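Engineer: Quick one: this structure, given as structure tokens, is what I'll be asking you about.
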Amino acid sequence: MTKQPFYKSLYVQVLVAIAIGIALGHWYPETAVAMKPFGDGFVKLIKMAIAPIIFCTVVTGIAGMQSMKSVGKTGGMALLYFEVVSTVALIIGLVVVNVVQPGAGMHVDPNTLDTSKIAAYAAAGEKQSTVDFLMNVIPGTVVGAFANGDILQVLFFSVLFGYALHRLGSYGKPVFEFIERVSHVMFNIINVIMKVAPIGAFGAMAFTIGAYGVGSLVQLGQLMLCFYITCILFVLIVLGGIARAHGFSILRFIRYIREELLIVLGTSSSESALPRMIDKMEKLGCNKSVVGLVIPTGYSFNLDGTSIYLTMAAVFIAQATDTPMDITHQITLLLVLLIASKGAAGVTGSGFIVLAATLSAVGHLPVAGLALILGIDRFMSEARALTNLVGNGVATVVVSKWCKQLDEGTLQRELAGEGNASSPASDIPVGGREAV
């Protein structure tokens, strides 16, 4: 197979686009801010296809299973993994921010902060509750779930649909085959959309640098640096340890999903890579049914980067405003976040809304303190989204192995770069899910 020129690689194209976006934002900020529609448009194109892809993947995965017991086992193991790892992430964030104390010495009076820009986040945060979150999983209408692009609602309906289709046996086979064909079409659409990924990454990065400026980061740089280093160490040590214990290298895995990571870096949303992650994890040897359950569910229940951010940001606000936080307050914060963090979907800005909800729920911390980190939240969202993406990928491999639904030979070949670059479904008609 002839190797394509390096400049045709999506990885290289997105990397160059991000670099150009940063340069434009730094030297021509007004022009860069006008590039925002390119980034927004790309994210909207991706989100357009997410709901049908989740539906097709989950339905064909569940309906094609030999036994429904496998679905329950997969879901249970996934939730167990999510709860343990996200709790570890919350604790790590809490420990690091207490040791480094990036907010100490700022002596900010919450009453002097401009809260006008955080009013919408605070209002959205106050509406967050565990009961509302659980009730929101059930869609008011099926059409509404797809129209709004609510991942958990689409997943809920997809599981029910797949279960019902499985019960029909051979009578439901025509429906199963039709949905499988629709799945191939949807992944083809994603392949087409991904051709404009460099433009989307350029627009999003240019806007970010142009709107906020690199210079504005200096004052709060200690928190950002602390957060970025913590995320890197979490990926390499915690996720790396989990990966090593399950027979694969975290560095090779990161290299395997490098294109998806760059797309996320450009858009600041791990959701923008969701369709390709589903495809990539299947190619890696994970069973389709496991991928269909773990990846979408992980976008609400396994956001490791967001978990680290939430504890660090909350305690940073306390330190900066000289709000005392003893061990009881910090344990309360941790318990609140164990619940609240599950509502942080993988979209830009959701982590900030959950942080607002947490400050409101704890009551001890000034919600006005959100204004302190509003300016740098956009820059920290890259590290959150990247960590979330790697975390969900590792979770998929681990749960697949636990459920004995992992082809370990394929896993090692793909991570070593020896796998077939085309889709695992070699019988897909022309235009199938080939690698971009």
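In case you wondered, yes, glycine gets a Cβ from its N, Cα and C as well.
Straight out of Swiss-Prot:
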TRANSMEM  14-34  transmembrane segment
TRANSMEM  45-65  transmembrane segment
TRANSMEM  77-97  transmembrane segment
TRANSMEM  142-162  transmembrane segment
TRANSMEM  198-218  transmembrane segment
TRANSMEM  223-243  transmembrane segment
TRANSMEM  290-310  transmembrane segment
TRANSMEM  331-351  transmembrane segment
TRANSMEM  353-373  transmembrane segment
REGION    414-436  region 'Disordered'
Engineer: Counting only residues 6+ away from its ends, which parts of the chain sit with a Cβ under 8 Å from the transmembrane segment (77-97)?
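Structural biologist: Apart from its flanks, the transmembrane segment (77-97) reaches 226, 230, 234, 238, 242, 293-294, 297-298, 301-305, 307-312, 315-316, 319, 330, 333-334, 337-338, 341, 391, 395, 398-399, 402-403.
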Engineer: The transmembrane segment (45-65) vs the transmembrane segment (223-243): three or more C-beta pairs under 8 Å (separation of 6 or more)?
Structural biologist: no
Engineer: Of the listed stretches 14-34, 223-243, 353-373, which one has the most C-beta pairs under 8 A with the transmembrane segment (290-310)?
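Structural biologist: So the stretch in question is 223-243.
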Engineer: Could you pull out which residues elsewhere in the chain have a CB under 8 Å from any CB of the transmembrane segment (223-243), counting only those six or more residues past its ends?
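Structural biologist: Contacts of the transmembrane segment (223-243) (Cβ under 8 Å, skipping residues fewer than 6 from its ends): 85, 88-89, 92-93, 96-97, 100, 102-103, 217, 249-251, 253-254, 304-305, 308-309, 312-313, 316, 373, 376, 379-380, 383-384, 386-387, 390-391, 394, 397-398.
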